[in-house]
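*Asks:* I have a structure here, written as C-alpha coordinates, and I will follow up with some questions on it.
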Amino acid sequence: MSTSRLYTLVLVLQPQRVLLGMKKRGFGAGRWNGFGGKVQEGETIEDGAKRELLEESGLRVDTLHKVGHISFEFVGSPELMDVHIFSTDHVHGTPTESEEMRPQWFQLDQIPFADMWPDDSYWFPLLLQKKKFCGHFKFHGQDTILSYSLREVDEF
(Lines of atoms letter the chains of each structure in order from A and count residues from 1; the text may use other names and numbers.)
(Lines give C-alpha, C1' and ligand atoms only; values in the text may rest on other atoms or scores of the structure.)
Protein backbone atom coordinates (compact mmCIF):
# COMPACT_ATOMS: atom_id res chain seq x y z
CA MET A 1 0.00 0.00 0.00
CA SER A 2 1.42 3.35 -1.03
CA THR A 3 1.28 6.47 1.05
CA SER A 4 0.95 9.88 -0.52
CA ARG A 5 2.35 13.29 0.24
CA LEU A 6 0.79 16.63 -0.73
CA TYR A 7 2.67 18.92 -3.09
CA THR A 8 1.85 22.15 -4.89
CA LEU A 9 2.88 23.59 -8.25
CA VAL A 10 2.22 27.20 -9.32
CA LEU A 11 2.45 28.45 -12.89
CA VAL A 12 2.51 32.22 -13.46
CA LEU A 13 0.81 32.65 -16.84
CA GLN A 14 0.54 36.03 -18.48
CA PRO A 15 -0.50 36.88 -22.04
CA GLN A 16 2.03 35.23 -24.36
CA ARG A 17 4.44 34.16 -21.60
CA VAL A 18 4.95 31.82 -18.64
CA LEU A 19 7.35 32.08 -15.71
CA LEU A 20 9.37 28.93 -15.05
CA GLY A 21 12.21 28.26 -12.65
CA MET A 22 15.39 26.28 -13.27
CA LYS A 23 15.63 23.87 -10.34
CA LYS A 24 19.13 24.30 -8.92
CA ARG A 25 19.22 21.51 -6.34
CA GLY A 26 17.33 18.51 -4.99
CA PHE A 27 14.61 16.52 -6.71
CA GLY A 28 14.27 17.61 -10.35
CA ALA A 29 17.52 19.62 -10.39
CA GLY A 30 18.49 20.78 -13.88
CA ARG A 31 14.90 21.03 -15.10
CA TRP A 32 12.59 23.97 -15.75
CA ASN A 33 9.41 23.76 -13.69
CA GLY A 34 6.74 25.81 -12.00
CA PHE A 35 7.19 26.83 -8.37
CA GLY A 36 6.07 24.62 -5.53
CA GLY A 37 6.88 21.92 -3.04
CA LYS A 38 5.59 20.05 -0.02
CA VAL A 39 2.56 21.26 1.91
CA GLN A 40 3.51 21.68 5.57
CA GLU A 41 1.51 20.33 8.49
CA GLY A 42 -1.28 22.72 9.50
CA GLU A 43 -1.12 24.56 6.17
CA THR A 44 -3.87 24.55 3.52
CA ILE A 45 -2.86 23.41 0.04
CA GLU A 46 -3.39 26.93 -1.34
CA ASP A 47 -1.40 28.55 1.48
CA GLY A 48 1.41 26.07 0.81
CA ALA A 49 1.37 27.03 -2.87
CA LYS A 50 1.57 30.74 -2.03
CA ARG A 51 4.41 30.14 0.45
CA GLU A 52 6.43 28.06 -2.02
CA LEU A 53 5.99 30.66 -4.79
CA LEU A 54 7.26 33.37 -2.43
CA GLU A 55 10.21 31.30 -1.15
CA GLU A 56 11.33 30.16 -4.60
CA SER A 57 10.68 33.29 -6.70
CA GLY A 58 10.16 36.24 -4.35
CA LEU A 59 6.66 36.75 -5.79
CA ARG A 60 3.48 37.26 -3.79
CA VAL A 61 0.07 36.34 -5.09
CA ASP A 62 -3.46 37.17 -3.92
CA THR A 63 -5.46 34.69 -5.97
CA LEU A 64 -4.62 31.23 -7.25
CA HIS A 65 -6.81 29.16 -9.58
CA LYS A 66 -6.69 25.38 -9.19
CA VAL A 67 -6.21 23.95 -12.67
CA GLY A 68 -4.89 20.44 -12.15
CA HIS A 69 -4.44 17.49 -9.84
CA ILE A 70 -1.89 14.83 -10.79
CA SER A 71 -0.51 11.92 -8.80
CA PHE A 72 3.00 10.73 -9.60
CA GLU A 73 4.25 7.23 -8.93
CA PHE A 74 7.95 6.39 -9.13
CA VAL A 75 8.83 2.70 -9.39
CA GLY A 76 10.64 1.65 -6.21
CA SER A 77 9.31 4.54 -4.13
CA PRO A 78 6.56 3.74 -1.62
CA GLU A 79 5.28 7.33 -1.69
CA LEU A 80 2.94 8.84 -4.27
CA MET A 81 3.37 12.54 -5.00
CA ASP A 82 -0.10 14.11 -4.85
CA VAL A 83 0.40 17.37 -6.77
CA HIS A 84 -2.16 20.20 -6.83
CA ILE A 85 -1.49 22.55 -9.74
CA PHE A 86 -2.44 26.23 -9.66
CA SER A 87 -2.16 29.13 -12.07
CA THR A 88 -2.20 32.87 -11.60
CA ASP A 89 -1.88 35.77 -14.01
CA HIS A 90 -1.16 38.48 -11.45
CA VAL A 91 1.75 38.57 -9.01
CA HIS A 92 3.34 41.22 -6.81
CA GLY A 93 7.08 41.82 -7.03
CA THR A 94 9.85 40.93 -9.43
CA PRO A 95 10.98 37.34 -9.98
CA THR A 96 14.16 36.85 -7.95
CA GLU A 97 16.59 33.94 -7.92
CA SER A 98 16.56 31.84 -4.75
CA GLU A 99 18.81 29.08 -3.46
CA GLU A 100 16.51 26.57 -5.12
CA MET A 101 15.22 28.21 -8.32
CA ARG A 102 16.33 30.61 -11.06
CA PRO A 103 13.18 32.21 -12.58
CA GLN A 104 12.91 33.09 -16.27
CA TRP A 105 10.06 34.20 -18.52
CA PHE A 106 9.40 32.13 -21.65
CA GLN A 107 7.24 33.03 -24.64
CA LEU A 108 4.43 30.47 -24.96
CA ASP A 109 5.83 29.24 -28.29
CA GLN A 110 9.29 28.74 -26.74
CA ILE A 111 8.50 26.64 -23.65
CA PRO A 112 11.59 24.43 -23.09
CA PHE A 113 9.80 21.05 -22.93
CA ALA A 114 13.07 19.17 -23.68
CA ASP A 115 14.44 20.50 -20.37
CA MET A 116 11.30 19.91 -18.30
CA TRP A 117 9.70 16.86 -16.70
CA PRO A 118 8.50 14.50 -19.46
CA ASP A 119 4.87 14.66 -18.27
CA ASP A 120 4.69 18.44 -18.77
CA SER A 121 4.26 18.09 -22.54
CA TYR A 122 1.07 16.08 -21.89
CA TRP A 123 -0.77 18.45 -19.54
CA PHE A 124 0.76 21.87 -20.29
CA PRO A 125 -1.34 22.27 -23.47
CA LEU A 126 -4.49 21.83 -21.35
CA LEU A 127 -3.21 24.49 -18.94
CA LEU A 128 -2.56 26.90 -21.81
CA GLN A 129 -6.09 26.26 -23.14
CA LYS A 130 -7.43 27.17 -19.66
CA LYS A 131 -8.80 23.65 -19.16
CA LYS A 132 -8.84 21.82 -15.83
CA PHE A 133 -7.42 18.30 -15.63
CA CYS A 134 -6.70 15.27 -13.45
CA GLY A 135 -4.19 12.55 -14.08
CA HIS A 136 -1.71 9.94 -12.96
CA PHE A 137 1.81 9.34 -14.27
CA LYS A 138 3.93 6.30 -13.46
CA PHE A 139 7.67 6.82 -13.91
CA HIS A 140 10.71 4.57 -14.06
CA GLY A 141 13.48 6.85 -12.81
CA GLN A 142 12.94 10.51 -13.63
CA ASP A 143 12.97 10.26 -17.43
CA THR A 144 10.70 7.39 -18.50
CA ILE A 145 6.90 7.46 -18.35
CA LEU A 146 5.69 3.84 -18.08
CA SER A 147 1.98 4.67 -18.13
CA TYR A 148 -0.34 7.59 -17.64
CA SER A 149 -3.95 8.72 -17.61
CA LEU A 150 -5.09 12.29 -18.13
CA ARG A 151 -8.58 13.72 -18.46
CA GLU A 152 -10.29 17.07 -18.50
CA VAL A 153 -12.61 17.92 -15.61
CA ASP A 154 -15.18 20.67 -15.17
CA GLU A 155 -14.48 21.52 -11.52
CA PHE A 156 -12.55 20.46 -8.43
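Heads up, the Cβ atoms here are built off N, Cα and C, so glycines get one too.
Note that the structure is a prediction, hence the values are computed from the model and not measured.
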*Asks:* The Mg(2+) 1 site in Swiss-Prot includes Gly36, Glu100. Which of Glu46, Glu56, Glu79 is also listed there?
*Replies:* Glu56
*Asks:* Swiss-Prot records Asn33, Phe35, Gly36, Gly37, Lys38, Trp117, Pro118, Asp119, Asp120 as 2-oxo-dATP-binding residues. Which of Thr3, Thr8, Thr88 is assigned to the same site?
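*Replies:* Of the residues offered, the record points to Thr8.
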*Asks:* Rounded to the nearest Å, what's the C-alpha distance separating Glu52 (Mg(2+) 2 binding site) and Phe35 (2-oxo-dATP binding site)? Just drop the number here, would you?
*Replies:* 7
*Asks:* A 10 Å Cβ contact count, applied to the binding-site residues Gly36, Gly37: which residue has the minimum?
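*Replies:* Selected from the binding-site residues Gly36, Gly37 on minimum Cβ neighbours within 10 Å: Gly37.
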*Asks:* Return the residues near Asp119 (2-oxo-dATP binding site), defined as same-chain residues 6+ apart in sequence whose C-beta is under 8 angstroms from its C-beta, sorted by sequence, else 'none'.
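*Replies:* Long-range Cβ contacts: Ile70, Phe72, Phe137, Ile145, Tyr148.
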